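What follows is a short report on a single structure.
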Amino acid sequence: MAKIFSGIKPTGVVTLGNYLGAMKQFVELQEEHEAFYCVVDLHSITVQLDRVELMDNTRKLAALYLACGLDPEKSTIFVQSEVKAHAQLGWMLTCIAGMGELSRMTQYKDKSQNSENIGAGLFVYPTLMAADILLYGTELVPVGDDQKQHVELTRDLAERFNKRYYETFTIPEPLIQKEGARIMSLTNPVKKMSKSDANAKGFISMLDEPNVIRKKIKSAVTDSSGVISFDRENKPGISNLLEIYSLSTDTPIDDLVERYKDSNYGTFKQDVAEAVVAMLEPIQNRYHELVDSAELDAILDAGREKAEAVANKNLAKIEKAMGLNRKRAKVKK
């Protein structure tokens with residue numbers, strides 16, 4: 001049984017891509033591993049957000065975690081900012097990170113090119129992410145391809161710390177799901193599905209109503225060949241829909257290709273939409289039961305206590321390794 005850590009930012013809409021690429025895997029991993037799943041709200045404040053909106057989004061994401069199948073009896077589910085050790089270790093790791101390696105992070109380079117007013121938080125974002133991972137003795141980190149670089153930096157920082165001080169950190173490995181790790185936009189299937197898409201038809205929200213989902217999938221960009229086959233390079237639109245259908249129904253893609261070999265795109269899209277609607281219906285129902293409930297608060301409170309117990313114990317060891325434990329006078333007998 002390995003230790004797992006992962007988290008999602010509470011920045012508003014949670015997309016179908018978030019679920020199929022991450023949250024669905026979280027649910028599967030909790031069956032075999034010691035899992036810590038976090039609402040990483042500290043990461044969301046690298047951009048300016050309305051305080052009430054952030055609080056609401058944090059609650060909504062936690063409710064979706066549970067509605068999707070995360071079980072507080074099997075996983076530790078909590079809010080990042082409620083465990084103060086995350087921020088403290090983030091600063092400690094920032095102090096051993098280099099300016100050069102942080103400036104080479106893809107996320108920083110991409111976002112800093114598009115804005116003149118970039119906060120320092122975005123620059124040191126990777127060291128906080130490293131703290132999130134290392135604080136729990138994490139061995140496996142479920143991430144998408146776009147986050148693999150952050151795990152590699154985490155490994156580098158852990159190894160540097162272990163050599164500079166003494167062996168303290170477990171060196172984590174990225175766990176990248178082959179299918180579903182990168183669900184693509186419905187309007188531009190060579191780009192990752194994202195809530196920040198300027199065209200709302202490009203993504204499906206986990207809370208979209210059934211008819212909205214049907215319309216979005218019906219209008220999804222495909223190609224003109226009319227042949228339903230899986231080919232990411234030459235048929236990205238149909239391949240993306242096949243992947244969504246496969247993950248929504250746990251049906252192998254090859255079986256779907258065989259089933260629809262004589263069908264047209266319209267029929268196929270309709271069936272994809274119904275599969276997504278059917279998958280999301282119980283999740284949406286459970287979400288609405290939880291989001292304003294005392295049950296959600298009780299689960300998050302218990303998760304915070306469990307996370308704090310592990311985090312504080314490990315932080316004490318890390319502080320000792322760095323010399324951040326005050327020497328006390330020897331009491332004369």
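Using N, Cα and C of the backbone, Cβ positions are placed for all residues, glycine too.
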Seminar exercise, completed: Candidate ranges 10-18, 28-36, 235-243; TrEMBL annotation motif ''HIGH' region' resolves to 10-18
Problem set entry | Among Ile133, Ile183 - the residue TrEMBL places in the same ATP site as Lys9, Pro10, Thr11, Gly17, Asn18, Gly144, Asp145, Asp146, Lys192, Met193, Ser194, Lys195, Ser196 | Ile183
Exercise. Among the binding-site residues listed here (Lys9, Asn18, Ile183, Met193), which has the Cα closest to the Cα of Asp132 (L-tryptophan binding site)?
Worked result: Lys9
Seminar exercise, completed: For ATP, with binding residues Lys9, Pro10, Thr11, Gly17, Asn18, Gly144, Asp145, Asp146, Ile183, Lys192, Met193, Ser194, Lys195, Ser196 per the record, max Cα distance (Å, no decimals) returned as 20
Exercise. Between the binding-site residues Lys9, Lys195, whose Cβ has more other Cβ atoms within 10 Å than any of the rest?
Worked result: Lys9
Exercise. Using a 10 Å radius around each Cβ and counting other Cβ atoms from all shown chains, which of the binding-site residues Asp132, Asp145 yields the largest count?
Worked result: Asp132
Exercise. For Lys195 (ATP binding site), which DSSP three-state class applies?
Worked result: coil
Exercise. Looking only at DSSP and grouping its letters into three states, which state does Asp132 (L-tryptophan binding site) belong to?
Worked result: helix
Problem set entry | Ile183 (ATP binding site): tally of other CB atoms within 10 A of its CB | 26
